[in-house]
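Step one of this worksheet: look at the structure below.
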Ligand code: X8Z
Ligand code: ZN
């Protein structure tokens, strides 16, 4: 499954669901019985397993080979899947009051966390708009001279400019160039939101945002409050980092570009969405001997290509006692960007058949960032493999945040010592350089928090109808200024759609999952390090080759969606709530250092 919502997981799984069976269920007369409900679930699941991969395969072919035909085929497969899913979701209600087993009650509930579009035209529009926006994002290009192909740059090329350039004008052009590409599907997005809301309302949710917030084993309002609680826990750490980075950017680019107060222009952070700041490391690293954890040069020198990088990452998982990836993984994955066709490069992991047909789709470059993204994607894959023995409705993460956290938890164990062991860095920085190592991590993880939080703050408002299309950009930048402290590098464009220049908006993938995952991965890391018998500073712990930690991790992965997520968390950590103290502990030495620097520099 490509990690959309659990709904999409179920949708794709129920693709091509057998219609006569549904008609039969719908025609049932008289009060429902337990036996009938059990048969309903059993039949549904049997068919899920058998027929579910059609939509997945169509989507895979589309995203790895974008043409008008593959777009139509993918949209049609999705349309049928949504139709079947909607019908099943509605029928499932019939059994809600029955005294079923806890397991079957959970299955019924999961089936109803879905949208239902009874109207044929709505379903068709929904599937078409979704495929169209996904493809438009994948094909997006900025052409310096409109109409002249030779001057066009794709997202990867524009991102590389932001990552490497130190010329504000050049960075601004790349930033604006990419952001203008999303205008072309702003109207489609607005239509899509309306249809999606219809589908959520048919199932009794206030809107699609409320449906998304209902997927965490708690009421939707409680989930919103929970994310806010976590944000307040980590905000002081973000504020310290933001303040320090401002001073360093100011030293680099001057006060004309970087003001003393207020939000900082978004094109200066080395990343298209200012969501990860690791490319600023050379600018913000501590003075004196500082750790260099950039492995790009070594990867190139040693000719460690995309496949070899993936094998190295697999090696971490197998060192924990997990199984080797099936041969088909390497045969069927897309690891590099094909030269001869359009594809969606945004990295994703796919569980095509609910068994061993797992793949990743990436456009891997020999960079540190992509090395870590491979670990992220393999986290999804190892989760898929671990829960493949579960019944179909439980083949998913404990919640979507767990799915996003697995690979990142493993990547937290990619320490300087580990990189050295692999021959990817020459020297292991000694403990006196920990602040540099922590800074590098904070630029990835701490910088990301407000962005991860605000994307769905925006979408929740859009889905709730509080923000209309004319105000998409206004609302987007209010949130980005408020949470991230970044601003648009130029006034908003007419009919602009800056939120749509982010993959997850164009592909309608929920984003709160990444916020949860960022906090959760430190909690899991702390627990697994404890299991490995480690008691030193968290940032120096690596669970590489530790079978005890691996066993605990694997047991949680195997649970899939079968139990509420707090039980999965408890199985690994003994804790039942999400808690940012692990992340705060991890970065505590950096926080102390940042506050001292900020104080000294303010003088
Ligand atoms: O989209 C992803 C993964 C695929 S699930 C590459 N991530 C988010 C993003 O790129 O915005 C990983 C972290 C955040
Ligand atoms: Zn992911």
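Glycine is treated like the rest: Cβ placed from N, Cα and C.
Other Cβ atoms within 10 Å of the Cβ of residue 377 (active site, proton acceptor 1) number 23 in total over all chains. What TrEMBL lists as active site, proton acceptor 1 is 377.
In this structure, residue 377 (active site, proton acceptor 1) is part of a helix by DSSP. Look at TrEMBL and you will find 377 tagged as active site, proton acceptor 2.
Taken residue by residue with DSSP, residue 504 (active site, proton donor 1) is part of a helix. Other C-beta atoms found within 10 angstroms of the C-beta of residue 504 (active site, proton donor 1) number 18, with every protein chain shown included. Sequence annotations record features per position, and here TrEMBL assigns active site, proton donor 1 to 504.
If you look up TrEMBL, you'll see 504 marked as active site, proton donor 2.
The chloride binding site annotation in TrEMBL covers 216, 513. For the recorded site, residue 513 (chloride binding site), the DSSP three-state label reads helix. Within 10 Å of the C-beta of residue 513 (chloride binding site) there are 26 other C-beta atoms, taking all protein chains into account.
DSSP assigns residue 404 (Zn(2+) 1 binding site) to a helix in the three-state reduction. Summarising the environment of residue 404 (Zn(2+) 1 binding site), the number of other Cβ atoms within 10 Å of its Cβ, over all protein chains shown, is 25. Sequence annotations record features per position, and here TrEMBL assigns Zn(2+) 1 binding site to 376, 380, 404.
Taken from TrEMBL, the feature Zn(2+) 2 binding site applies to 376, 380, 404.
Marked as disulfide bond by TrEMBL: 143-152 (among others). When secondary structure is read from DSSP and collapsed to three states, residue 143 (disulfide bond) falls in the strand class. Counting Cβ atoms from all protein chains shown, residue 143 (disulfide bond) has 14 others lying within 10 Å of its own Cβ.
Among the features that TrEMBL reports, disulfide bond is placed at 345-363 (among others). Same-chain residues at least 6 positions away in sequence with a Cβ under 8 Å from that of residue 363 (disulfide bond) are, in sequence order, 156, 334, 336, 337, 343, 345, 347.
Just so you know, the Cβ of residue 541 (disulfide bond) picks up 23 other Cβ atoms within 10 Å once every protein chain is counted. The disulfide bond annotation in TrEMBL covers 529-541 (among others).
The signal peptide annotation in TrEMBL covers 1-25.
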Exercise for review: Would you mind sorting out which of 143, 152, 216, 504, 529, 541 (the recorded positions) have a C-alpha within 10 A of the one on residue 404 (Zn(2+) 1 binding site)?
Suggested key: none
Practice item. Work through the recorded positions one by one (216, 376, 380, 504) and name whichever has its CA nearest to the CA of residue 529 (disulfide bond). Key: 376
Exercise for review: List those of the recorded positions 152, 404, 504 whose Cβ lies under 6 Å from any atom of ligand 2, in sequence order, or write none if there are none.
Suggested key: 404
Practice item. Counting other Cβ atoms within 10 Å, pick out the least crowded of the disulfide-bonded residues 152, 345, 529. Key: 152
Revision key, fill the gap. If you measure between the CA atoms of residue 376 (Zn(2+) 1 binding site) and residue 513 (chloride binding site) and round to the nearest Å, you get 14
Revision key, fill the gap. DSSP says residue 152 (disulfide bond), in three-state terms, is strand
